[in-house]
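Asker: What follows is a single structure, and I will ask about it in a moment.
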Amino acid sequence: MALSLSRLRHPLISRSLRLLSSSSSVSRSLSRTSKSGIFSVGCDEHQRLTSLSRLTGVCDNSLKPKWFGIRYFSSADSSHIVIGMPALSPTMTQGNIAKWRKKEGDKIEVGDILCEIETDKATLEFESLEEGFLAKILVPDGSKDVPVGQPIAITVEDQDDIKNVPASVGSGTEVKEKKPIHQDDSDEERKSEPTSTHINASELPPHILLEMPALSPTMNQGNIAKWRKKEGDKIEVGDILCEIETDKATLEYESMEEGYLAKILAPEGSKEVAVGQPIAITVEDAGDIEAVKNSSGSRSASKNEQTTKHDTKTEVKPQKTSSKRISPAAKLLISEYGLDASTINASGPHGTLLKGDVLSAIKSGKLTPKPYSAKEKASPSQSHQQSAASPESKSASASKQSDAYEDLPNSQIRKVIAKRLLESKQNTPHLYLSSDVTLDPLLSLRKDLKEQYDVKVSVNDIIIKVVAAALRNVPEANAYWDAEKGEVVLCDSVDISIAVATEKGLMTPIIRNADHKTISAISSEVKELAAKARDGKLKPQEFQGGTFSISNLGMYPVDKFCAIINPPQACILAVGRGNKVVEPIIGSDGIEKPAVVNKLNLTLSADHRVFDGKVGGAFLSALKSNFSDIRRLLL
């Protein structure tokens, strides 16, 4: 079965550009990198390589040379070219060599497929840009995590030059299997990583290693929520392999190849699995399933046994020393409970007594009071406190207090929300504008739509339409701040993000082109998107983007509040609940008299770099006008 079902040809790579032809009139510059003996080919402003500039950064409008992935080795014996791992996608930093299509000694034509490379997106074909012969393969089949730019092969122009390629060229460039980048970052990440991800590809039959995909632009890790397929199941193109909880939602991971699911490396419930980390192995033939299971299982078991033995040998015993280092938090607890620091076991580095050591001692109840010294003088209040609360009573209260709470694991969505909102308050100058609007015309319209046309819409549905119309009337408010350019960018469409509370955190699905949609269309779309958000089924295009946000707490006893801007947007409208108030109105007879009306508070949080007083005032004026004459929105 061919692997080409999921292979995409990059339009920039597939062009046959003779970059390194010796007969080219294009001027070149050679720069030698330190310690490596490698020459890189650069270009000047006369070289026409703009078709590759976006991919490799070869040329731009500046006069400075840029370097790309094809490198020369200086040699007096033969003329050869070292091919580096290409960047086959904008986000690719490393790749896996899935299969070499050419063997050492084969003739290569322009456009021939040299090898298949697994990137962070798909398995792509790497085409040759030069004629010649494949002299040496530096990175064999199955090599993992090869950095972009690292040499993977050597080509020569003449077949006779193959034997002249120095043996030392490939000696330092062969790729060894690497541990995942994030393996040693923290104890939590080590726990979350599967124990069977270190697999020797040479011991396995033909297989494909599935890695944690990047299912959103901001995703760098994910959780395995559920496996839809079991080990041994048949897989068709488009089948859902598993459900992955990203930083935005729970998305389905589809198979891009036919085959069989041989081994699951990241089981259900795996947390914070780094993007690019292996999560499963698939094979083409059902007969290869057992070979994969036995190979990976035995390696995993032996690794666990080695880890257990290593842990027993390197177990660190708490230290007891009379002169030890004490952390500030531990020193405060020792002083508060009047303990003897020399009797507490220290588990920190270099014999440091930590806060956890003191708390453990307090909880165990095995405490030794600090010997009284005549030099130490205590105030009457301190003496009273010490006499009123003995170490035993404090130990009991501390034990009760430690059992009074429970740690709840945070979802990926809430972690991202916390990070982004903190960045927003730190980096975005918030401007707050507030105004009260009359709600009675809106309630009257909602009632008429239900009674006359049997159209049921919510107050929030009509508010979305009112806001969209105001943004169309004041286009300066439908904008965002471009930090790189340092200027305001106006948006072409009015895309309203609505805040939806879910169990995993706040989601903001988008009503696109809301100014062009009817209230009933907005209502049905809001219901559909809100249901998807609560079920974690939103697609990336349904929550990424948006030009303006609305946060409505009118269903709660919240009169007014200030919301935090969701970058890169420039504003968010906070909607409170409607309240009945008494205010003077002028009747049909021209006489002013008191009346009961419904009022609604709107508070706009705006990026002051985009919104000044004039733009903010004009936007709120348009909002009030739309609320007072709301039936014109139906035109």
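Each residue, glycine too, has its Cβ placed from N, Cα and C.
The compositional bias 'Basic and acidic residues' feature in TrEMBL is assigned to 174-193, 306-318. Residues or ranges marked as compositional bias 'Polar residues' by TrEMBL: 293-305. The annotation compositional bias 'Low complexity' is assigned in TrEMBL to 379-402. What TrEMBL records for 80-156, 207-283 is domain 'Lipoyl-binding'. Sequence annotations record features per position, and here TrEMBL assigns domain 'Peripheral subunit-binding (PSBD)' to 325-362. The region 'Disordered' annotation in TrEMBL covers 163-202, 292-327, 369-407.
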Asker: With DSSP as the reference, give the number of residues of the domain 'Lipoyl-binding' (207-283) in helix, strand and coil.
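Answerer: So the domain 'Lipoyl-binding' (207-283) is made up of 0 helix, 39 strand, 38 coil.
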Asker: Run through the domain 'Lipoyl-binding' (80-156) and tell me, per DSSP, how many residues are helix, strand and coil.
Answerer: 0 helix, 39 strand, 38 coil
Asker: If you average the pLDDT over the domain 'Peripheral subunit-binding (PSBD)' (325-362), what number do you get?
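Answerer: Averaged over the domain 'Peripheral subunit-binding (PSBD)' (325-362), the predicted model reaches a pLDDT of 79.
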Asker: Sort the residues of the domain 'Peripheral subunit-binding (PSBD)' (325-362) into helix, strand and coil with DSSP and give the three counts.
Answerer: 24 helix, 4 strand, 10 coil
